Amino acid sequence: MHLLLLVLDLVGTFVFALSGAMLGARRRLDLFGVLVLAFATASAGGILRDLLIGAVPPAALSDWRYPAIWLSAGLLAFRWSPLIERMQHPVRVFDALGLAVFAVAGADKALDAGISPMMAPFLGMLSGIGGGILRDVLLAEVPLVLRAELYAVAALSGASVVALGHALALPDTMTAMAGVLLCFCLRLAALRYGWHLPRALKAPVDRPD
Amino acid sequence: MHLLLLVLDLVGTFVFALSGAMLGARRRLDLFGVLVLAFATASAGGILRDLLIGAVPPAALSDWRYPAIWLSAGLLAFRWSPLIERMQHPVRVFDALGLAVFAVAGADKALDAGISPMMAPFLGMLSGIGGGILRDVLLAEVPLVLRAELYAVAALSGASVVALGHALALPDTMTAMAGVLLCFCLRLAALRYGWHLPRALKAPVDRPD
Amino acid sequence: MHLLLLVLDLVGTFVFALSGAMLGARRRLDLFGVLVLAFATASAGGILRDLLIGAVPPAALSDWRYPAIWLSAGLLAFRWSPLIERMQHPVRVFDALGLAVFAVAGADKALDAGISPMMAPFLGMLSGIGGGILRDVLLAEVPLVLRAELYAVAALSGASVVALGHALALPDTMTAMAGVLLCFCLRLAALRYGWHLPRALKAPVDRPD
């Protein structure tokens, strides 16, 4: 695996682990529960990506650096959660950075594995949103990806920059940085200004199905 | 992939996307949320099937026709949801058709991949129920497969027809049609007449565990 | 697959199916729902493990002994649930045994597949906790692994014994027995004495994120 991909993956692992551990601490789980949540949030997206492109065993399970990273992030969040809580929306900001980094790394690794540039952004999106989905499902909540502003679209945009750059043969590092920046800024701006699209028209009657 | 399998897969993608998008619209998600739900419901079963038989990357992520289909279905459901709601149980009917089509396609693809005719129906069942399970889990609900009448059994029956036909060397198209029809009719009849099996005997005391 | 692994896998399938079916019966699902829950709980861990090490199609879907086992366990639990409920915490005890057996079998199979002894325990842990997670997620509950005492750590400990024994070239059967025993006893003791670790410090304010 080339260096760029590894760095993105480790950064994503760190920030997603922080977001999972913070939510766990807020729900008053004990240290074990917090660490399991850190692991699940940090690893789900990358493992899903690796399964889908046939790269088994997944990097997150065969490379010792991944457990070292999410374990540190989980312990950090556990110990200093009141401090981290003083930030603005800590869970959502870490989540947005993880989304951006994993979406870009996912598209990159998919292209490496020979997926066509037209479909690689979908794989990037999946590995970006996977961690947050598992975190929220484990806590029996409707995932952020369904409730939040511009979530999956931001991941898709970031991943598309990478695919486009690849098709135009631009330098990898540059397009990766641009993709991360685009996804992260889109998501933060949507969060800040409450951007969202219209909702469906109300059905005439509300009834169970 | 042969034509029959492709057609079944695309029909299943369309109707499952409709069922997911309708539920999303009913929960008042915005357009992004509705499309994510359409994607998840439409793709989960097929992706699971492809992962389980080692056909990576999954067709739903490497073929542009799948996103085109679920995107159209999602937009359609979003725009005309009040109209579609006037049908009888729209979510459950689309869900039943998707269940039937994916169960049959799943068993068919499993046989193609060399799974034994005795186990192929289980793979068909899994790819039939996968989409609906993910849809309901994402919305933090107990999945239809646990609450509903004859759900998994209908999928298993439809998939078994395909495996049986394969063992008897009957023509593919005929057994596939019979399998879809059997599963769909079983599920609709169960829905219409409220068929269900007995529940377990009540335990002497109710207590947490 | 060698005999030891097969035996562990079948025992784990049986007890996890019991735990899933008992929970389903307690929630008053009908027979179909109970059997689906038995299948999901019994198979999720092993299927996840096989996917992660690239052993497709997974044993739980290609070997007829697995469906025979979880079907029997499901029917048993359905028919005699009031009787089984008289035991102390039946769901948690069966769950603990399944956890121990699958954690050990998972680590063992991962080592066989060439995963390094340092990472094999994580794979064992995943296949131990996978079934219980899916069971609880399907019932829209926060999984035991997040709420319960020493859950993932017990699985990790049992799996680590196997990896350690492998590194020291000790006999397989002995280390497997020791691993199962360690995990099962740790989990039961934690359950009995309510062992848990400290929770995170309370954040200054409770606010949505």
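Here, residue 1 is simply the first one shown, and the rest follow in order.
Cβ coordinates come from backbone N, Cα and C, glycine included.
According to TrEMBL, the feature domain 'Glycine transporter' maps to B:7-78 (among others).
Sequence annotations record features per position, and here TrEMBL assigns domain 'Glycine transporter' to B:93-165 (among others).
Among residues of the same chain six or more beyond the transmembrane segment (B:6-24), those with a C-beta under 8 A of the stretch's C-beta atoms are 33-43, 45-46, 59-60, 65-66, 69-70, 72-74, 76-78, 81, 84-85, 90-92, 94-95, 97-98, 101-102, 104-105, 108, 131-132, 135, 139, 176, 180. The annotation transmembrane segment is assigned in TrEMBL to B:6-24 (among others).
Within its own chain, the transmembrane segment (B:31-52) has Cβ neighbours under 8 Å at 9, 12-14, 16-21, 23-25, 58-61, 66-67, 69-71, 73-75, 77-78, 98, 102, 105-106, 109-110, 123, 126-135, 138-139, counting only residues six or more beyond its boundaries. TrEMBL lists B:31-52 (among others) with the feature transmembrane segment.
Panel annotation: around the transmembrane segment (B:64-81), residues 9-10, 13-18, 20-22, 25-26, 31, 34-35, 37-39, 42-43, 46 of the same chain, lying at least six beyond its termini, place a Cβ under 8 Å from a Cβ of the stretch. As annotated by TrEMBL, transmembrane segment applies to B:64-81 (among others).
Sequence annotations record features per position, and here TrEMBL assigns transmembrane segment to B:93-111 (among others). For the transmembrane segment (B:93-111), the residues of the chain that approach it from at least six positions outside its boundaries are 1, 4-5, 8-9, 11-12, 15-16, 18-19, 22, 41-42, 45-46, 49-50, 53, 55, 87, 117, 119-121, 123-132, 144, 151, 154-156, 158-163, 166, 172, 176, 179-184, 187-188, 191, judged by C-beta separation under 8 angstroms.
Taken from TrEMBL, the feature transmembrane segment covers B:117-138 (among others).
Residues or ranges marked as transmembrane segment by TrEMBL: B:150-170 (among others). Tertiary proximity for the transmembrane segment (B:150-170) is limited to same-chain residues at least six positions away from its ends with a CB under 8 Å from its CB atoms, namely 96, 99-100, 103-104, 106-108, 111, 117-118, 120-125, 128-129, 144, 176, 178-180, 182-184, 186-187, 190, 195-196.
The transmembrane segment feature in TrEMBL is assigned to B:176-195 (among others). Among residues of the same chain six or more beyond the transmembrane segment (B:176-195), those with a C-beta under 8 A of the stretch's C-beta atoms are 4, 8, 89, 92-93, 96-97, 99-101, 103-105, 107-108, 128, 148-151, 153-155, 157-162, 165.
Taking Cβ pairs closer than 8 Å, the transmembrane segment (B:117-138) reaches residues 12, 16, 19-20, 23, 37, 40-49, 52-53, 95, 98-100, 102-108, 110-111, 144-145, 151-152, 155-156, 158-160, 162-164, 166-167, 183 in its own chain, all 6 or more past its ends. For the domain 'Glycine transporter' (B:7-78), DSSP puts the residue distribution at 60 helix, 1 strand, 11 coil. The domain 'Glycine transporter' (B:93-165): residue composition by secondary structure is 58 helix, 0 strand, 15 coil, according to DSSP.
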